Amino acid sequence: MSIPGFGGTNGSLASDSSEFTQISIPPANEWRIEVPFKKLLKLKVTLGTLEINGSELPNNVELQLSGVKLPIYAPPSINKEHAKVEYKLVTNPDQSVLLSSEDEEFTQYLSDETNMDLVVNLAMYIESKRQIAKDLKTNEGDHALGPRVLILGGKYLGKTSLAKTLVSYAVKMGSSPVLVNLDPKHGVFALPGSLSATVINDSLDIECANGYGFTMTTTGSLSKSMKQPVVKNFGFSDVDENVKLYTRQIDQLGIAVLSKLEGIEDGSGSEVDGNHNKVRSSGVIVDTPPFTMKSFDIISSIVSDLKIDLIVVLGNEKMKIDLTKKLKHKIEQGSLNIIKLSKSPGVVDDVNDRFIRMTQEQTIREYFNGNHRIRLSPFKTEIDLPSSSSSASASASVSSSSSTSSSGLVIYKSVLTKEYESSMAFLPSGDDFEHITNEDENGGDGNDGDGRGIVEDIKEYYQILEDPNSSNLDNSIVAITHLPLESGSSSVTNGASGSLNMSSKRKRELLNTSVMGYIHVSKVDDEKKKMKILLPFPGVFPRNVLIATSIGYNE
């Protein structure tokens with residue numbers, strides 16, 4: 001039996017002779033579990049209703065979870081019947097996981113302390129705002145914009161779990177909200193190091209790494225169940241690595257999201273939902289990295305770029321008060337409301353960096369190889385190493401029998417702010433930076449695609465990777481953008497003080513482009529000038545601009 005988002009076993013697990021253990025979960029209680037990566041938890045709901053982050057678990061279907069710390073919630077029932085689960089712990093057959101130095105063990109316990117009643121009330125309040133949006137019509141006959149919800153808070157408060165729950169409850173009630181992920185540590189329908197926005201119209205896949213699901217960029221499939229995200233490259237896991245690039249990508253993601261709500265093609269390569277009225281009234285749920293009031297400038301940008309009208313502050317009364325003061329003008333205008341929600345008593349507050357890194361590796365591994373339920377066939381090939389002297393030329397089809405000629409490829413990299421500032425410190429006094437001006441040399445108006453003039457230094461965002469080699473590309477993730485290479489043009493290089501000798505129009509295109517997909521560079525042969533890469537599926541290697549990220553991965 002197979003249900004989208006909930007797959008049965010396929011017999012590939014390591015055999016285990018242990019018997020299933022049964023546990024009874026009272027209504028309005030949580031069964032809290034922590035499953036290490038070296039183990040697999042096989043479980044089956046045999047009676048009643050249970051949820052993981054708002055996604056209802058099917059009865060009598062075996063599920064598999066690994067590397068998770070989460071609660072399984074039993075909603076209140078009229079007859080007060082206990083839900084029942086059978087579970088068994090087995091060794092994870094994934095050898096790459098077994099080779100890790102993880103020392104965590106499986107833990108589980110029941111608790112009647114939960115904030116789910118507050119979460120349900122919040123979900124119903126948001127749904128009431130969606131209904132109001134459906135009832136209100138624009139001059140064009142469209143629904144009004146639905147609620148745009150921003151979830152804020154510090155570390156280990158359950159922001160991501162809340163975002164998943166609100167999205168899942170919205171889908172249950174017939175809505176299709178846009179889930180926006182602004183935490184580059186997570187790969188939400190994308191890989192770590194990215195920001196994404198995805199229309200959610202069916203259940204999240206709790207068995208997938210991070211508990212989201214597959215995308216068409218992974219499988220090459222246009223299956224209805226595959227999500228089609230808008231993905232912006234950031235290239236780092238930590239926002240502080242380049243705050244300017246981060247806020248600029250939020251701005252561009254905001255344009256894409258609002259275009260999607262308007263039913264306008266946004267140029268990102270993501271298809272506009274045919275039923276944009278439903279998406280429009282369903283609104284937006286925004287998940288964020290840990291923020292404090294020191295990050296207010298970023299928070300303010302998010303509120304403006306995504307037209308946020310409801311901020312949910314998790315577990316921090318002081319932050320709620322400070323935000324109310326800072327955003328008083330919006331509150332008085334009636335365009336913004338700020339509420340505080342108590343954090344779940346079951347939030348795990350000892351998640352270490354190693355667990356986060358292993359979760360990232362699982363996300364990347366699943367992107368290329370799939371999981372126990374959906375097996376993917378990643379494609380390995382060898383291509384020419386880009387060089388600073390290469391000119392744009394036609395790409396060839398990826399073939400297992402020969403290397404792909406890719407001498408026209410150009411690889412950029414996201415700029416680490418501290419490295420950029422260090423390089424600027426050595427400039428002679430009075431030297432200016434190369435800026436994108438309001439009137440470029442090609443006669444453009446300097447507009448950034450949304451009618452606004454921009455004046456900024458592109459060197460603060462991207463630089464060309466002038467000397468691609470094993471030291472800077474081995475075991476790395478590279479983003480393939482939607483931006484085509486310029487055919488017949490001369491090569492792009494870093495000029496004086498790292499400037500890019502390309503037109504202002506081209507620089508804007510680079511800054512505004514979205515991510516089509518990813519490749520993994522497993523090894524670079526510096527002598528032969530070749531690099532071995534892994535693609536999610538066979539096909540024509542895109543003749544598009546590439547951006548190297550700081551996200552590493554070993555097969």
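Each residue, glycine too, has its Cβ placed from N, Cα and C.
Database features (Swiss-Prot):
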- Glu30, Lys69, Tyr156, Leu157, Gly158, Lys159, Thr160, Ser161: ATP binding site (BINDING)
- 431-451: region 'Disordered' (REGION)
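Neighbour density for Thr160 (ATP binding site): within 10 A of its CB lie 21 other CB atoms from the protein chains shown.
For the binding-site residues shown (Lys69, Lys159), fewest C-beta neighbours within 10 angstroms: Lys69.
Each of the binding-site residues Tyr156, Gly158, Ser161 was scored by how many other Cβ atoms lie within 10 Å of its Cβ, and the smallest score goes to Tyr156.
Note: Glu30 (ATP binding site) has non-local neighbours Pro71, Ile72, Tyr73, Ala74, Leu110, Ser111, Asp112, Thr114, Met116, Gly346, i.e. same-chain residues 6+ apart with C-beta under 8 A of its own C-beta. Around Leu157 (ATP binding site), the same-chain residues at least 6 positions away in sequence with a Cβ under 8 Å from its Cβ are Pro290, Leu314, Gly315, Asn316, Lys343, Val347. As a whole number, the greatest separation of Cα atoms within the ATP-binding residue list Glu30, Lys69, Tyr156, Leu157, Gly158, Lys159, Thr160, Ser161 is 18 Å. Secondary structure at Tyr156 (ATP binding site), taken from DSSP and collapsed to helix, strand or coil, is coil. In the three-state DSSP scheme, Glu30 (ATP binding site) is classed as strand. In this structure, Lys69 (ATP binding site) is part of a beta strand by DSSP.
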